[in-house]
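Heads up: the structure comes next, in structure tokens.
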Amino acid sequence: MGQLERGQSWTSGLLFALATGVRSNGLVSVGFLIHSQCRGFFSSLMVLNPLRQLLKLMCSVFLSMLILGLPFALFQYYAYTQFCQPGSAHSIPKPLLQLALDKGYRIAEGNKPPWCSWELPLIYSYIQDVYWNIGFLRYYELKQVPNFLLATPVAILVAWATWTYVTTHPWFCLTLGMRRNKNNETLEKPDPGFLSPQVFVYLVHAVALLLFGCLCMHVQTEGKRGRETSTFGCLLHVPHWGSLPATQVLTRFLGSSTPIVYWFPAHLLQDQEPLLRSLETVPWKPLAGDSPPGQKVSRNSIMGLLYNWKTCSRVTQCILGYFLTYWLLGLLLHCNFLPWT
């Protein structure tokens with residue numbers, strides 16, 4: 001993304017392709033490339049040949065989709081050759097083979113899995129459907145209410161960020177980030193920070209992830225599938241989930257995929273916390289009398305807010321309280337192998 005913001009679209013495309021090779025979620029990154037190319041196309045229509053620019057756009061979009069989709073396609077093809085074509089799988093060492101038999105794992109050279117007979121044989125879709133139980137509204141069960149509560153704060157943050165941005169730039173959002181106003185006047189200075197036009201594509205990305213996570217995402221962890229879970233030859237850690245309670249992964253999913261989760265709270269602190277502006281002006285002087293005795297107030301703005309917690313606004317207390325609580329509980333639970341997202 002950093003390379004794309006610097007105008008290095010092909011470099012960013014290669015990096016996105018590497019990310020897709022590591023995990024298929026990288027396929028979503030093609031949206032950043034396409035949006036950047038479309039913005040360049042519309043900005044050049046007034047000065048260059050429209051037909052030529054359209055052909056250039058179509059070629060760029062095709063190459064972007066090809067580059068990002070190739071690692072995913074190659075992995076699907078590799079899985080197909082290993083599990084659906086006889087005699088193509090590598091030999092498995094006897095200790096691993098015995099472990100697979102004891103645990104009930106599916107291995108190559110065994111019975112062909114059902115996805116091999118699909119018109120479009122994708123192992124990824126099969127695993128999501130059968131073992132992860134990903135599907136529309138599959139996760140909505142009464143027993144999952146605690147997990148919904150765990151994921152509610154980050155969902156509220158993204159929804160609030162979307163509402164703030166859309167209500168500030170309604171026309172810009174309606175034109176998918178191509179025009180800032182109806183008269184196409186670009187002489188005015190764009191909004192800084194979170195309300196900047198450059199944030200639009202990141203916000204769309206965050207909303208897409210939020211909708212997918214809320215409507216379709218689920219981690220299948222019920223004990224009855226523990227023996228049934230497949231490692232497909234090398235994913236030996238998958239059955240570990242069979243012994244854990246269900247966990248809501250929306251917070252981790254958004255927190256590791258979109259900067260909106262961090263940009264918008266920072267925007268709220270800058271916009272609604274007068275104390276923060278005072279700390280930035282004179283960061284080394286405590287603004288409240290209840291600072292720890294004999295301890296110098298840090299120049300770090302967040303530490304300054306924590307030292308002056310009682311004088312902070314309610315929004316600031318909620319933001320800092322949530323992130324600190326999540327960090328502390330996550331550290332304690334995850335390090336002790338307890339379910340946490």
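Just so it is clear, glycine is given a Cβ too, placed from its N, Cα and C backbone atoms.
According to TrEMBL, the feature transmembrane segment maps to 12-34 (among others). Through the fold, the transmembrane segment (12-34) approaches residues 1-4, 61, 63-65, 67-72, 74-75, 124, 201, 204-205, 208-209, 257 of its own chain, all at least 6 residues removed from its boundaries and within a Cβ separation under 8 Å.
Counting same-chain residues at least six beyond the ends of the transmembrane segment (54-75), those with a Cβ under 8 angstroms from any Cβ of the stretch are 9, 13-14, 16-18, 20-21, 24, 26-27, 29-30, 33-34, 37-38, 41, 124. The transmembrane segment feature in TrEMBL is assigned to 54-75 (among others).
Long-range contacts of the transmembrane segment (148-166) within the same chain, counting only residues at least 6 positions beyond its ends with a Cβ under 8 Å from a Cβ of the stretch, are 173, 194-195, 199-200, 203, 206-207, 210, 213-214, 248, 250-251, 254-255, 258, 260-261, 263-265, 267, 322, 326, 341. What TrEMBL records for 148-166 (among others) is transmembrane segment.
What TrEMBL lists as transmembrane segment is 199-219 (among others). Packing against the transmembrane segment (199-219) from elsewhere in the chain are residues 28, 31-32, 35-36, 132-139, 151, 155, 158-159, 161-162, 165, 169, 172-173, 176-177, 241, 246-247, 249-250, 253-254, 257-261, 263: each is 6 or more residues past its ends and has a CB under 8 Å from a CB in it.
For 319-340 (among others), the entry in TrEMBL reads transmembrane segment.
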